[in-house]
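*Asks:* The structure's right below; bear with me while I get my questions together.
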Amino acid sequence: MLCKKVEGNFFYLLEHQGGKQAKKKSSRGEVLSTVKWQYCIQNVFDKFSVSKHLSPAAERLRYILSEDDDMPTPTLFTEMDTLQREGDELEWKESARWVKFEEKVEEGGERWSKPHVSTLSLHSLFELRTCLQTGTVLLDLDGYSLPQIVDDIIERQIEEGMLSPELRDKISFVLLRKHRHQTKKPIHRSLADMGKSSSGSECPVLHLPSRSMNDIADTPSTDQLKNKFMKKIPRDAEASNVLVGEVDFLSKPFVAFVRLAQATTLGGLTEVPVPTRFLFILLGPQGKAKSYNEIGRAIATLMVDDLFSDVAYKARDREDLIAGIDEFLDEVIVLPPGEWDPKIRIEPPKKVPSADKRKSVFSLNELGQMNGTAGGGGGLAEDEEMPAHFCGGLFLDIKRKLPWLPSDFYEGFHIQSISAVLFIYLGCITNAITFGGLLGDATDNYQGVMESFLGTALAGSVFCLFSGQPLIILSSTGPILIFEKLLFEFSKNNNIDYMELRLWIGIHSCLQCFILVATDASYIIKYMTRFTEEGFSSLISFIFISDAIKKMVGAFKYYPINTDFKPDYVTTYKCECLAPDPSEFTPWLRGLKGDFHQDDQLSKKECLKYGGSLLGKSCKFVPDLALMSFILFFGTYSMTVTLKKFKFSRYFPTKLRKLISDFSIFMSIMTFVGLDMLMGLKTPKLIVPTEFKPTRPGRGWIVMPFGKNPWWVYLASFVPALLVTILIFMDQQISAVIVNRKENKLKKGCGYHLDLFWVGVLMAACSFMGLPWYVAATVISIAHIDSLKMESESSAPGEQPQFLGVREQRVTGILVFVLTGVSIFLAPVLKFIPMPVLYGVFLYMGVASLSGIQFWDRIKLYMMPSKHQPDFSYLRHVPLRRVHLFTFIQIACLAVLWVLKSTFLAIIFPVMILGLMVVRKMLDMVFSQHDLAWLDDLLPEKEKKKKDDDKKKGKEKEKEKKRPKPDDSEDEVSGAELLLPPAGQNTETTHRSGPPG
């Protein structure tokens, strides 16, 4: 409090007497008699050195906005009513409203305009400034009803000599007229009266029929409570009412700006049942209706401005409001009148710029900091310091996740979770069948589709139930498949039992994961910047895309298109069934009626069944299943993309559009499954095991650890287990970093150590049961997050819904893997799903995971001329040639990873991910830290920070020795000392230098 008082007096002196006199005045007398005041004065001057280029109004705002920073300012709904004459009656008619953008009542008077950006005349802003300078300003008025508030305003004007007492009743009569909103039907009037207002005729107020104060009810009306517009207004919003009009009994304007001490519901004053906090009243002589209307629009636009609304709530006097208008004028952009038509309504921008940058200039707590952030990515704010004790990271993860455990379950009961479960379930069973089949071929059916289904259900459900990040989806991966294939071939060539060897590798890998958890090795991910994350996620996305296309191309091999069909020779196409060799003529053929050669009724299946052969050019004819498969494949992908974007269209209500978008994948799948059933073609279908038993006959569900291999195998398996551990660690942690990126706005924290612990446990469990090993699947995990993204429900008209975060819960993951486990009992239903439809889902997953990746955006810049490139922030601060160089290096690294992935060297894939981190470290020698801050994330410089901290501590100790010790009885000294900036810090340079290093 002491420094706050010094600060306030200091800025007051700066504004009225100049900085020189303030410094002189604050340097003599008793002000500097104690050490406390020395600290405070030094603190104030350090702050002032940064902002001495600001105007006096900005200095005033900076001090105002620094108070009560923790108190959020409510959203303001602003309504402007104009005084109109309907026949012989006066009434206030709603003409415009604001939540974020302006909506006008159209000239026809029956509909609202589309939300648009308010366009104000510069003259109206200056007139508004004059009105606040000369009119009545009442701040924190105790008002509980509109008549009382009107009486207080009129009384103040009379006391200040601004209004004649004879006009009291007339002003009160006008201000208490009935308010008619756009939702209400107009009162009965004749055609001659239509369109007339108080500006067009005289208003003999004294002779108008008298109305009681019951015109203004104390409680919200039924029309207010039923107004659907409330859905667009946040729950804790307050109202700002603007009343403008012209009357014939005033010779000068009647202006009042009122802020109530407590927001109060003033009956039918507002269109919606929102309590009123602010009132602006402007009544003036006749002849200037347009000017009054523009002034009203100006104050209404100011009230919904984020910065001015803060000023209005925290203003202490009239001058604070004037300073707020001056700041608004500093930011206003003026358009030349001859080059722009004011009648054109500007569409709201897709992304509304944040007011934080404007506010940060006036915040005392943010002096010397950047007005924005560069780069971005998956930082680890909560894991900045490595725990010193054993298993510290694991204990911190458990401590962090336990409070959220109840919400992890009840937050999952939402309709959005249903679409997410269906989407991820179909992706998981497709993945399980694909990898199960490949594993069966690679391991001679020691592991097959059944083991893949059971392992996916077991590992996935346990992980989602107990892990630190339940949004991660576990699955088999390509490198694990290659390792299994090489391990089986090694075992077969050396007469070693494959399953027993694999069990011991799993046990060793589990123990190694425990060691990594205990030693907090997961902190290495601090060095995984955007460069590494984007390289890894892009590779996995391209793998999904290429695999989907490869499988689709494979359909053309099994079901070739009849390219050599010639319609002119259709008469020559025939197919005959030739009888088998008489020596092989089986006895049951004798039951056929007639001679085999003369039987033309045999079908293709019967001919082959009875040992016959087919002869003729048309025997190999098959329907165009390849073309049908392609229609199902591409149709599923295209429809999913279209429906996913449907929530941004203009058709149907918002809730219905959002529902269609959430269930886009399910609707696409059902549509093309129905199309396939309607066509009746035998396209390849999903094959699901129907019996619960191991794929390979003779093996059980439990693998015994001893008895089949020499004793040294149990120890030697430590070496291949080390390679598996590196593979698991890198796959798991990079996927976790991508999931936990700041862009996803996750609120419940991460759990890298806890995740790795459970992956190790599941490694051992799956090894004992002979099931595949599982690790985080990047693309499916990203798809899981995308399907659970939340957006604001009460977005202002014209404003795009704001991304709020992800629905963090465990229910969807658990349900997905439980459904995967019981899929063997759903075979009669799943067998109708064509495989091309699931390939289309795979393609969508791969493409969708590329959206939002900066690397992909920078690749597209190669094909764009400079003048057509998007306005990305990094293009403003980094030369284009440097951006292209950075992108080229990423492309080269991705190409190397792709080549390695496609050969037998894929087993060293995790090591190559570490190689990406090495390449990123070498980029420090090619690019400046400024460029890397915008294109990537800066690497943590622990040693440098430690040295800097030591230097700062040394300097502080020297200063402490030189300074006199303050009185121990005075508690505010330590607080003042903590506010001092670091010694030697050049805050002005930091403010201008760009992204923080």
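Using the three backbone atoms N, Cα and C, a Cβ is placed for every residue, glycine included.
Okay, these came from TrEMBL:
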- 75-342: domain 'Band 3 cytoplasmic' (DOMAIN)
- 390-939: domain 'Bicarbonate transporter-like transmembrane' (DOMAIN)
- 418-440: transmembrane segment (TRANSMEM)
- 452-483: transmembrane segment (TRANSMEM)
- 503-524: transmembrane segment (TRANSMEM)
- 536-559: transmembrane segment (TRANSMEM)
- 625-643: transmembrane segment (TRANSMEM)
- 663-681: transmembrane segment (TRANSMEM)
- 711-730: transmembrane segment (TRANSMEM)
- 751-775: transmembrane segment (TRANSMEM)
- 811-830: transmembrane segment (TRANSMEM)
- 837-856: transmembrane segment (TRANSMEM)
- 888-919: transmembrane segment (TRANSMEM)
- 944-967: compositional bias 'Basic and acidic residues' (COMPBIAS)
- 944-997: region 'Disordered' (REGION)
*Asks:* With pairs 6 or more apart in sequence, are the transmembrane segment (452-483) and the transmembrane segment (711-730) linked by at least 3 Cβ pairs under 8 Å?
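*Replies:* Contact confirmed: at least 3 Cβ pairs fall under 8 Å.
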*Asks:* Given the transmembrane segment (751-775), which of the listed stretches 418-440, 503-524, 811-830 has the most Cβ pairs that are under 8 Å apart from it?
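*Replies:* Per the Cβ under 8 Å count, 503-524.
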*Asks:* Quickly jot the same-chain residues contacting the transmembrane segment (625-643) by Cβ under 8 Å, restricted to those at least six beyond its ends, or write none.
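*Replies:* Counting only partners 6 or more residues beyond its ends, the transmembrane segment (625-643) has Cβ contacts under 8 Å with 548, 552, 555-556, 559-561, 660-661, 664-665, 667-669, 671-672, 675-676, 679, 681-684, 834-837, 839-841, 843-844, 847.
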*Asks:* Would you mind listing the long-range same-chain contacts of the transmembrane segment (663-681), meaning Cβ under 8 Å and 6+ residues beyond its ends?
*Replies:* 418-419, 422-423, 426, 623, 625, 628, 631-632, 635-636, 639-640, 642-644, 646, 787, 832-834, 837, 840-841, 844
